[in-house]
Every structure is written in C-alpha cells, then in structure tokens.
Amino acid sequence: MEAVAMFRAAAMVMLLALSFSACQGQLSPTFYAETCPDALSTIRTSVRSAIARERRMAASLIRLHFHDCFVQGCDASILLEDSPSITSERFVPQNNNSVRGFEVIDQAKSAVENVCPGVVSCADILAVAARDASEYVGGPLWTVNLGRRDSTTASPSLATRDLPRFTDGLQRLIDLFETKGLNERDMVALSGSHTIGQARCATFRGRIYSNDSDIDAGFAATRRRNCPATDGDGNLAPLDLVTPNSFDNNYFRNLLQRRGLLQSDQVLFSGGSSDSIVNEYSRNPSTFSSDFASAMVKMGDIEPLTGSAGIIRRICSRVN
C-alpha cells in the first residue's frame, strides 16, 4: 500500500509540475490567433502610418525594442513613465533625449484595445512594431514570437548598467551582449540597424574633433559642419551618410572606410575580432539581412514574462 501511495504522490507531483509549466506559457507566433486575430494587422497599420509621416521613426522603433529587451528582458518596462511607485528608465544616460517612438506604441496599443481590450501586451506590440519597421524601410522580415506580458516595475539602475553607450569599446560591447545570450556575431548584426536613423551631435562630437587615425578626415570635416565644437548638442546627423533612409549593408561599407559616426560603431572594424564579420556583411547583404533577422528573434526572446507573470497593461506608460 505504501508503494501505491508513493506512486500516486509522485504522479501528482509530476502532474502539478506539468500544469505549472503549461501555465507559464511559451512564446508562439500564433499566440493571439484565437484571442485577437486582427492584432498584427492593426499594429502594422499604426506602424506604417507613423513611418510614412517620418522615415526616421523606423530606426526609433527598432531601437525602442532593443532598449526594452536589454533591461529586465522584453517586458515593456521602458515605456513606463515616472509615478509615485515607478522611476522611469527613460532618463538614464543611454535613453535620455535619445529613445523615442513612445507615441507610436501608444497609438498602436489604443487601436488594438479597440479591437480586443485587455489581450495584447505592450511588450508584444514593441516586438511587432520593430519587425514591421524593418520591413517598411526595406529590411528583413521575420516571424515574431508572441505571448510576452508587461512588467509592473522599471529599473533605471539596470538600464544604466546593461545598455550600451556610444563610447563603449569592442570588448565591452561583446560582454554586454553575451550577458543577454547574444554572441559577437549577433552583436555586429544588430549594430547594423544603424544603417538607418540619426544621432545627436553630443554623441559623436568627441569622435569628429579627435583627429584620431580611426576616422576618415573628409568624413569628419563633413560632420563638423553641423556639429560645432561647443554648441548644437541636439543637431542630428545620419548614422549612414550614403543611404540614411534605407535598410541595407552600407553601414558596414562605411566602417571599412573609417566612416562610422559613433565610436561604438567604428570599434567593430578597428583591428579586433569583429573585423571579419564586418567584412563579410559589407560583401554579402543577404547574409547580413538573414543574420539580423535571426538576432532580432533571439533578442526578442530575452527573459519574457509569460503565463501568470506580469500583467497586460491597458495603457503602456503606466501600471493598471
């Protein structure tokens, strides 16, 4: 009898464990197929409309997803505004006057709430918006895994620690990405998103006035025209001078010519371990495109809240 009882107890423990695992949930491309079948098309409409109004928004939405996933995982913590219980991540050095596109996510969320209220997370909207942004400007398309839930907390301290800075060296970048489960090739591919978008003068002033050997003199002179040595912090310059509004591999070709705008760009081709990857991507746009898509999927899977963890925020900027 004791053996039977022990067997039944063990079976019950196993059943509970399986039930718990099922409740935790897994990300899936079809997560909303039954509960909100129009979610993806609704998000897509909002994203395409926003980028049609401002081409730069494509880069901003990709970056917003990246800066979310690197802090607490892909949980939409970056969208939370300051409140009595929340200190926002928006104002850490890597985000302040830099991350943007919040209003586009808000508009997409509002549109989705009108279709199926309380179902689709802000974290998933961020992930889908990044994919749709890439496609709109000629970049790769990938299948987005869905089922993330939203955090009830934000962490400026983790954001300060875990987000890359424009002054970071190669090893620092490699280490940061490795802590998130992304290898050096993933890091270089994701850096290629700088084929679109713009940077503020304050982030590249030191590089264009340095007279270092790792920057093309003509390129530096061109960039100095709109970035004075002591003023104009907010003046913008395209990260890719050649095709700033198209997702292609010119970013890597620029690096070969020492025309990376940010220091953290040029270190990818500076005699280090990533030189060969940059060379490969500069020659093979299809390889870059494929690797970028794969890296975006991996990044989107960083520590999601699933199952009963987290919440579905009704408004992305605040906890319900």
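Using the three backbone atoms N, Cα and C, a Cβ is placed for every residue, glycine included.
Between Cys36 and the candidates Cys69, Cys74, Cys116, Cys122, TrEMBL annotates a single disulfide bond, the one to Cys116. Recorded disulfide link (TrEMBL): Cys201 to Cys227, out of the candidates Cys122, Cys227. Among the candidates Cys74, Cys122, the disulfide partner that TrEMBL records for Cys316 is Cys122.
In sequence order, His67, Cys69, Phe70, Gln72, Cys74, Ala76, Ile78, Ser151, Ala154, Ser155, Leu158, Ala159 are the residues of the same chain, not among Asp68, Val71, Gly73, Asp75, Ser77, Glu89, whose CB sits within 8 A of the CB centroid for the Ca(2+) 1 site.
Highest local Cβ density among the binding-site residues Asp68, Asp240 belongs to Asp68, counted as other Cβ atoms within 10 Å over all protein chains shown. Remark: Thr243 (Ca(2+) 2 binding site) has Thr195, Asn250 as non-local neighbours, by Cβ distance under 8 Å and separation of at least 6 in sequence. A Cα-Cα distance of 27 Å separates Val71 (Ca(2+) 1 binding site) from Asp240 (Ca(2+) 2 binding site). Taking the Cβ of Asp248 (Ca(2+) 2 binding site) as reference, residues of its chain lying under 8 Å away and at least six apart in sequence are, in sequence order, Gly138, Thr195, Pro285.
Note: the Ca(2+) 2 site is recorded as Thr195, Asp240, Thr243, Asp248; in the same chain, Ile196, Val242, Pro244, Ser246, Phe247, Asn249, Asn250, Tyr251 also have Cβ atoms within 8 Å of that site's Cβ centroid. Its own atom aside, the Cβ of Gly73 (Ca(2+) 1 binding site) has 20 Cβ atoms within 10 angstroms in the protein chains shown.
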